[in-house]
Amino acid sequence: MIAFRTLSALGCRVGECPLWDERREILFICDVLAPAIHSIALDGTRKASWSFEQPVGSFGLTESGRLIVALGRGIALFDPDSGTLSPFAGTPEPETNRLNDGKVGPDGRFYLGSMDDRPEKEPLGVFYQVSANGAVKALFGGIKVSNGLAWSPDGRVLYHSDSRGPTIDAYDFDPQTGELSGKRRFATLDDATGRPDGGACDVEAHYWSAGVSAGMLNRFAPDGTLVSRHRVPCKAPTMPGFCGPGLRQLAVTSLSIGPLPGPGDGDLFIAETPVAGVPIARMKGL
């Protein structure tokens, strides 16, 4: 079992999207409901924070160094150096939905999904592909809470979870065209094992899933077998992200909303890992 320590006691309401920027040598994370993006050094120092007017669902790196950000029901470009926020694309999401988990794929496009933001969580979410020209393409729907996005080391398998399924699916992915096919059930989970929130892949083609209901980080083999479980020092870990030199560290965000937040809830954690993460892609053409 890997040993997590607190990197930064942020106290986020809903911490998400730990994203390593190797050029700046910092870790970006968001607090979905603050809403804010924070940049954190690996010594735990908070370098900067930026506030937004809409929920920050997720973001990815671009070739220019900007971030492509899911804000509410739209998508924007944000420059951390200047603080400039520019609208980029919209989605046909209903007012009861918001955009959630997203990452840049191995094809250099931004992929993200939406969720029903009401307590009842109806399957109204959609999974999108966003291109550098601003085109937004719906790939599939019927999702309650879109989450868990990650790619295998060769870029040919995409993982996606529905946190309220609670299930994880795998798809064949074309790393040149971004086409999806061959959907299959990868894992079916429960509250005790950990409803699947954010995900990440390592170079051994194993998939890491934040078990948000169980305080655990679950590691799955490529065939969907649960091979190890790692305790995170909080009630509700939300997303893992490999970071640091050689991507040999693993950062995990967490949330603190709920009736009785406890020690560590909403903080950012980090651990050394015996295996490296899959290289982080940047959005091409932006």
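Placed from the backbone N, Cα and C atoms, the Cβ positions cover glycine too.
These come from TrEMBL:
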type	residues	note
ACT_SITE	Asp197	active site, proton donor/acceptor
BINDING	Glu16, Asn147, Asp197	divalent metal cation binding site
BINDING	Arg98, Asn100	substrate binding site
DOMAIN	14-255	domain 'SMP-30/Gluconolactonase/LRE-like region'
* What is the average pLDDT across the domain 'SMP-30/Gluconolactonase/LRE-like region' (14-255)? -> 96
* To do: Starting from the Cβ of Asp197 (active site, proton donor/acceptor), draw a 10 Å sphere and report how many other Cβ atoms land inside it.
  => 27
* Roughly how many angstrom lie between the C-alpha atoms of the residue listed as 'active site, proton donor/acceptor' and Asn147 (divalent metal cation binding site)? -> 6
* Check: same-chain CB within 8 A of divalent metal cation site center, minus Glu16, Asn147, Asp197 -> Asn100, Asp101, Val145, Gly148, Ser163, Gly198, Ala210, Val212, Thr238, Met239
* **For Asn147 (divalent metal cation binding site), the three-state class that DSSP assigns** => strand
* Fewest other Cβ within 10 angstroms of its own Cβ, chosen from the binding-site residues Asn100, Asn147 -> Asn100
* Asked: Expressed to the nearest Å, what is the distance separating Asn100 (substrate binding site) and Asn147 (divalent metal cation binding site) at their Cα atoms?
  -> 7
